[in-house]
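Below is one structure, written out as structure tokens, with a few remarks after it.
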Amino acid sequence: MDSTVIPIPDGDQGFADLKEKRKFQVSLSPIVSFFQTNKDSIKKIIHSIKVGSVLVLVSLVKFVDSFCKQVGDDSAMWAIMTVVVIFEFHAGATLGKGFNRGIGTVLGGGLGCIAAILGGQVGGIGKPFIVGVSLFISGGAATYSRLIPNIKKRYDYGVMIFILTFNLVSVSGLREENVMEIARDRLLMIVLGFAICICTSLFFFPIWASDEIHDSMVSKFEDLASSIEGFTGEYFRLAGDKENQPVHPVASFRSCLSMLSSKAKDESLVNFAKWEPWHGKFGLFNPWEKYQKIGEVLRELAATILSLKGSLDSSEEPLQALRESIKEPCEAAGSSLAWTLRELGESIGKMRRCQPELFIAPKLRLVRQRLGQIMSEKLDTAEELSIACFVLSLMRVAEKLQGLAKEVEELGELAAFNRS
């Protein structure tokens, strides 16, 4: 009977391989940590490299003699100007600006050529008169459209380019006879610059506004949860502890303040995200308006949480015993509110539908019921006003969380999140 020899690996060799593997993993951990902590700076460096590369690529057009002779040196500069003007940090912003510039250039150049041709047909003193009237009408109408909120929000840059292009083309027609060729050459160079910008922005390390608005929304939920825990824990610290460690939850305070001033940034990111194509986990018709609505509710919630800070400064000794009596239910309420915020934020981060009626709504009703009992049983005198304000602020937070849970639920339905 044949025997089979089974090779047994050397124990020392296997241990050495495992040790080497662990050593490799440990050596990579600082690099991974560096990239995670400096993510924003790395994105800025990548964007700067992309802009520099595109400028070099577009500038090479000036060195192609045959091409420059065909379109002219002046027209070739428009490709460089297009790159400088429309290449933005986010891919959606670049797409939006490029689209606006293209539409504004085509409409302004086309109508400008028509105005110049009509002026040339009239001739004499009627030529500047026709051009002047067309400038007045187009400039006034376009400027009025820029004052309309819906147009200003998404198409303000395109209208401005329309005014600029119309003026340049129509006025050039007063002196130049080949205005159509000039408009054609400039449009060709603008399209060239636009195409290079879009390809670089979308296909080489793209920076998506949709990812940023999504991630920042999730982090806001965590910041608010930490703020509630911080303010609640600080409020029930003993007066002696506050004297020895006079530290307020500064980080929580700053995170709430920064959230209150985030409206303009959120609106810009939402506007950029609307221009972005389908990518990753976001489709073409993602409900970005709902993200904006949730951001507004979070800012209102941050303002309510900040009202808790006013209660931290009132540390009267006679009320310390009363604080101790309500410490346990209030801390439990704060923990429940923080859990609710983290649960809602996690549902958005993992893109799964939350079910507020099953888990969140009963917990919030219980919180409001317990806080209501504290108000009715223990806080009924004027001396206890400061503590009553603290409890009322917690109740307002619970009320706003109920509305926030409904908004998150609607977001899950509109965005077709996965069911839990």
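Cβ from N, Cα, C; glycine included.
Copied over from TrEMBL:
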TRANSMEM  45-64  transmembrane segment
TRANSMEM  76-95  transmembrane segment
TRANSMEM  102-122  transmembrane segment
TRANSMEM  157-175  transmembrane segment
TRANSMEM  187-209  transmembrane segment
Given a Cβ distance threshold of under 8 angstroms, which distant residues of the chain, six or more beyond its ends, lie next to the transmembrane segment (187-209)? 43, 46-47, 50, 53-54, 57-58, 61, 71, 75-83, 86-95, 98, 101-102, 105-106, 109, 269-270, 272-273, 276-277, 279-280, 282
Proximity of the transmembrane segment (76-95) to the transmembrane segment (45-64), 3+ C-beta pairs under 8 angstroms: yes
Same-chain residues at least 6 beyond the ends of the transmembrane segment (45-64) with CB under 8 Å of its CB atoms are 73, 76, 79-80, 83-84, 87, 89, 189, 192-193, 196-197, 200-201, 204-205, 207
